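The structure appears right after this line, and notes come after that.
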Amino acid sequence: MAGIAMKLAKDREAAEGLGSHERAIKYLNQDYETLRNECLEAGALFQDPSFPALPSSLGFKELGPYSSKTRGIEWKRPTEICADPQFIIGGATRTDICQGALGDCWLLAAIASLTLNEEILARVVPLDQSFQENYAGIFHFQFWQYGEWVEVVVDDRLPTKDGELLFVHSAEGSEFWSALLEKAYAKINGCYEALSGGATTEGFEDFTGGIAEWYELRKPPPNLFKIIQKALEKGSLLGCSIDITSAADSEAVTYQKLVKGHAYSVTGAEEVESSGSLQKLIRIRNPWGQVEWTGKWNDNCPSWNTVDPEVRANLTERQEDGEFWMSFSDFLRHYSRLEICNLTPDTLTCDSYKKWKLTKMDGNWRRGSTAGGCRNYPNTFWMNPQYLIKLEEEDEDDEDGERGCTFLVGLIQKHRRRQRKMGEDMHTIGFGIYEVPEELTGQTNIHLSKNFFLTTRARERSDTFINLREVLNRFKLPPGEYVLVPSTFEPHKNGDFCIRVFSEKKADYQTVDDEIEANIEEIEANEEDIGDGFRRLFAQLAGEDAEISAFELQTILRRVLAKREDIKSDGFSIETCKIMVDMLDEDGSGKLGLKEFYILWTKIQKYQKIYREIDVDRSGTMNSYEMRKALEEAGFKLPCQLHQVIVARFADDELIIDFDNFVRCLVRLEILFKIFKQLDPENTGTIQLDLISWLSFSVL
């Protein structure tokens with residue numbers, strides 16, 4: 001219940017703008033300005049209690065408390081490491097980012113790319129920090145985390161060994177913005193060791209809030225040049241690199257003056273007419289050096305003489321050192337990998353860019369209710385969360401000769417690095433996209449059934465199921481309605497996720513789920529209509545007071561269920577019996593009279609029939625995944641969120657819902673629906689309660 005309340009509160013805060021870059025969420029409720037001012041007033045340097053200078057902040061295994069790698073480590077402030085520490089000198093450069101004893105080169109490559117864009121760098125690394133003015137041993141940074149900007153505060157105690165920084169450091173040893181940025185990122189992920197191993201695109205996204213895709217240039221898609229042009233039009237960040245095969249290859253220069261293992265940026269893509277034919281050209285920037293391409297279409301290449309002088313002047317006008325043109329074919333031949341970080345509309349301040357349309361949806365997989373696994377598990381796959389995508393407008397131009405709607409889908413699993421300390425790691429995740437059949441178009445209140453997925457193939461799917469934080473793919477489909485189904489590879493895996501869809505044109509996205517509905521069968525009974533046989537049974541069971549209490553009801557039902565071989569049950573708990581009495585006790589006596597007991601008896605027989613029919617394997621019990629169908633048979637349609645609550649409340653560790661819990665669930669639902677209907681006679685879908693009423697209903 002606490003989790004539901006937290007989600008509701010968070011949704012309300014997000015609607016008010018909390019989590020935007022301008023109103024970043026304070027991680028662990030630590031406010032930078034408040035903490036710094038407190039330290040300055042006290043004349044003390046900040047010590048972060050939430051990420052202490054202790055072995056627990058380093059790691060849990062290779063960097064754990066008893067590891068040889070962590071012996072002799074001392075935590076020191078920059079003022080103790082060098083005579084004149086600086087936060088940042090003359091802007092950020094790649095020499096500020098040298099890898100240490102941590103396998104987070106993926107993160108450092110993303111930081112290096114971040115330095116190519118001063119505006120975006122300043123969002124992540126506030127540049128007005130220093131070791132001189134108002135220095136209090138405290139620094140702050142901003143990261144994008146699953147749709148929200150989060151401000152993280154750290155103290156400046158850094159792990160050292162033999163007087164040297166253990167992890168990332170600057171080449172000169174006196175600049176500390178990158179080391180403190182790495183520490184803040186380690187904090188939000190639980191510890192330094194949690195950063196070991198990852199994809200550069202993960203860092204790209206956490207520094208920009210964008211959605212990052214990458215291409216192996218040995219196997220490029222046929223429309224890659226057009227993809228690059230469109231990405232540049234939309235203000236995306238594009239980076240490329242040449243793979244290295246050994247440590248000796250790092251920073252090695254090829255005979256045509258390209259540097260291996262080096263982060264380049266792509267800044268232009270143009271088609272020019274040369275000697276009667278069209279040439280595709282790519283403009284590359286080497287941001288940290290004068291080393292430039294000497295192959296065809298370099299600055300001094302005679303090929304430029306075959307181009308219209310005005311076009312040539314336009315393209316070769318030098319913006320800054322380190323920028324050069326090369327043919328697209330040479331680009332594919334010499335470079336290994338291209339990464340595109342598509343930025344969100346709020347990141348781009350320039351109105352000249354053609355901005356992506358962005359939608360984000362949050363969801364979760366919960367064991368026993370919405371963690372159905374992939375298509376290999378047909379009995380549970382349909383239980384996964386489902387999202388409707390309505391593609392309405394085609395792209396303005398067909399980049400590959402095919403009309404359609406271009407969109408990117410990114411499925412991110414949340415907080416998995418943080419859980420490495422607890423022995424957890426990334427789930428293997430992926431998704432499928434299904435075309436909505438004509439008879440269901442326009443409906444969002446129907447969770448697609450098991451039979452639909454047994455008879456319908458996916459129209460598109462993620463390239464693979466993989467244990468990375470994000471699975472991302474680019475698609476182009478005709479206008480229409482589609483359902484996206486995210487899943488873990490295996491069922492029964494708990495996890496939170498967010499889905500982001502970037503589309504060229506406006507599209508509509510929403511959760512596909514059953515609407516809340518209760519068709520409760522009202523059993524009409526008059527005492528005169530009750531047969532003599534049932535009257536004699538009631539008189540025998542009720543005793544002299546002609547009423548049945550919850551305790552008497554428990555004894556009666558235990559005897560009844562003991563005779564049934566098709567339902568495994570130890571009888572009903574006293575809690576279940578009490579709420580059954582509460583449901584029908586119209587006179588407030590706390591007991592059931594003849595008519596009330598007759599209605600309850602009829603209901604229990606109906607519950608038995610449903611339970612037996614849903615139990616297809618004749619085990620005498622019900623699996624939690626069968627509960628959804630059982631609730632529908634009983635007249636209740638509920639969204640995924642409520643199924644998660646029901647399974648958490650009524651299923652055991654093996655995801656079994658016994659007959660007692662099944663009945664208790666149905667009775668509680670019936671009571672709650674009836675209360676709501678009484679308090680909402682106009683069917684507005686909303687009621688108001690004071691505290692005493694809320695508490696009275698909550699203890700049911």
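Every residue, even glycine, has its Cβ placed from backbone N, Cα and C.
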Listed in Swiss-Prot for the Ca(2+) 3 site shared with ILE89, GLY91, ASP96, one of GLU175, GLU182, GLU193: GLU175
Where Swiss-Prot places region 'Linker' among the ranges 20-34, 200-214, 515-529: 515-529
Cα-proximity to GLU626 (Ca(2+) 7 binding site), 10 Å cut-off, over recorded positions ASP96, HIS262, ASP545, GLU596, ASP658, ASN661: none
Pairwise Cα distance for ASP658 (Ca(2+) 1 binding site)/ASP585 (Ca(2+) 6 binding site) [Å, integer]: 25
Secondary structure content, the domain 'EF-hand 2' (602-637) (per DSSP, counts of residues): 23 helix, 4 strand, 9 coil
THR621 (Ca(2+) 7 binding site) and ASP545 (Ca(2+) 5 binding site), distance between Cα atoms, whole Å: 36
Neighbour count (Cβ, 10 Å) for ASP299 (Ca(2+) 4 binding site): 13
Intrachain residues whose Cβ lies under 8 Å of the domain 'EF-hand 3' (667-700), provided they are six or more past its termini: 518, 520, 576, 579-580, 582-583, 631, 636
Protein Cβ atoms within 10 Å of ASP617 (Ca(2+) 7 binding site), excluding its own: 9
